[in-house]
Amino acid sequence: MAARLLRGSLRFLGGHCAARPLPALRCSHSGGEERLETPSAKNLTDIGIRRIFSSEHDIFRKSIRKFFQEEVIPHHSEWEKAGEVSREVWEKAGKQGLLGVNIAEHLGGIGGDLYYAAVVWEEQAYSNCSGPGFSVHSGIVMSYITNYGSEEQIKHFIPQMTAGKCIGAIAMTELGAGSDLQGIKTNAKKDGSDWILNGSKVFISNGWLSDVVIVVAVTNHEAPSPARGISLFLVENGMKGFIKGRKLHKMGLKAQDTAELFFEDVRLPASALLGEENKGFYYIMKELPQERLLIADMAVSASEFMFEETRNYVKQRKAFGKTVAHLQTVQHKLAELKTHICVTRAFVDNCLQLHEAKRLDSATACMAKYWASELQNSVAYDCVQLHGGWGYMWEYPIAKAYVDARVQPIYGGTNEIMKELIAREIVFDK
């Protein structure tokens, strides 16, 4: 696996690591002076050493950074206007090995560990390009299929998904059920060996481009509790009665397609059931820690990006005859931001280590998601303020980062719910 990663990364870089100069980066890592630094900030994460990455991860990171520089950043403004990215970039991502990096090689992945996946979503955050829904596709949808799918389902979907030819989405949220998944109304009723699916979903990331959607539906209205009567189904694009509504116009994440989905008497074969009947809520609870960790890592990475943008801006912006960076209030604010970001990075890295060791519990994942997403919004607010009026202009990267940040405390479970779950772990005995 390591040799394949190395060959693939060097091939994308044009045959050798130094094929094209990348931004000068200087933060500390373990393993030697030639290690690739992680964020774009000059000395942002010199909190010691990010020990979770090896030199192989760094080579992989270099190729992923180059991919975003060449295949995503130049097109992102166009995608924002369209409200979706091109399918072409999905297939290019598949060829580069960005999709399902921790999937086994015989299924089209590269057999990497969690840290390879983290490299991909961190580099997307550093690119400030939120359009491609790679993290939902790889970190959430593919995880459900590989963990709970049958051998036939895995063989049918995963190779196409790692190639970027089949785009995945997951449909949980409804008009009357967001964080309260037990309140969903979408239902599936048996008809012989088939299922008949009815209902609707909203705010579905990758919904418009999706080829397969994991749909959360009620399958047993007589269950002792709603949680015991929920199942998951794999619904494919083109099935009769599966209708994609409009692309939703959002405050941020403008290039990421988000859609309404409708299911009107969709006939599903028995093979569309993902996992066991009525076990859907259990599966969701098992997968949510990874989703929340993903959000947390992208949040702190976005914070690192915003800090670097702002640090560079205040060092060249002049006011009162000197650069803004020479004002004590600005210096103190930068000191606060850097400290908060570095502390959060250390916590999130620890959570990544816990998850790789299969020891990340729900409450800790909730803490990471809650804290990092709140930090991201705080950093976004302060960085726009330090940009002054220019921070309110869309052509400045900080403006886009600001509106993209706002949804982070909402999806993956609102931060209010995160606090409830954390408190429950503290107060009540299991």
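Placed from the backbone N, Cα and C atoms, the Cβ positions cover glycine too.
The active site, proton acceptor annotation in Swiss-Prot covers GLU291 and rests on similarity to another entry. The FAD binding site annotation in Swiss-Prot covers 170-179, 203-205, ARG317, GLN328, 385-389, 414-416 and rests on similarity to another entry. For SER179, ALA227, ARG228, TYR282, PRO289, GLN290, GLU291, ARG292, GLY412, GLY413, the entry in Swiss-Prot reads substrate binding site. Residues or ranges marked as N6-acetyllysine in Swiss-Prot (evidence: similarity to another entry): LYS42, LYS66, LYS81, LYS92, LYS279, LYS318, LYS358 (among others). Per Swiss-Prot, phosphoserine is recorded for SER55, SER362 (among others), and the stated evidence type is similarity to another entry. The annotation N6-succinyllysine is assigned in Swiss-Prot to LYS66, LYS81, LYS165 (among others). The transit peptide annotation in Swiss-Prot covers 1-30 and rests on similarity to another entry.
The number of other CB atoms found within 10 A of the CB of GLU291 (active site, proton acceptor), across every protein chain shown, is 21. The modified residues in question are LYS66, LYS81, LYS92, LYS165, and the one with the fewest Cβ neighbours inside 10 Å is LYS81.
Nearest to LYS92 (N6-acetyllysine) in space, judged by Cα atoms and limited to the recorded positions LYS66, LYS165, THR173, SER205, LYS358, is LYS165. A gap of 42 Å separates the Cα atoms of LYS318 (N6-acetyllysine) and the residue listed as 'active site, proton acceptor'. Among the recorded positions LYS81, LYS165, SER179, SER362, GLY388, GLY412, the ones whose Cα sits within 10 Å of the Cα of the residue listed as 'active site, proton acceptor' are GLY412. Around ILE170 (FAD binding site), taking its Cβ as the centre, 26 other Cβ atoms fall within 10 Å, counting all chains. Ranking the recorded positions LYS66, LYS165, ILE170, LYS358, GLN385 by Cα distance from ARG228 (substrate binding site) puts ILE170 first. A Cα-Cα distance of 8 Å separates GLY412 (substrate binding site) from SER179 (FAD binding site). If you measure from the Cα atom of ASN415 (FAD binding site) to that of PRO289 (substrate binding site), you get 14 Å.
For the recorded positions ARG228, LYS318, the greatest number of Cβ atoms within 10 Å around a candidate Cβ is found at ARG228. Comparing C-alpha positions, GLY176 (FAD binding site) sits nearest to LYS279 among the modified residues SER55, LYS81, LYS165, LYS279. Comparing Cα positions, SER205 (FAD binding site) lies closest to LYS165 out of the modified residues SER55, LYS165, LYS358. Rounded to a whole number, the C-alpha distance linking SER55 (phosphoserine) with GLY388 (FAD binding site) is 40 angstrom. Cα of LYS165 (N6-succinyllysine) to Cα of SER179 (FAD binding site): a span of 31 Å.
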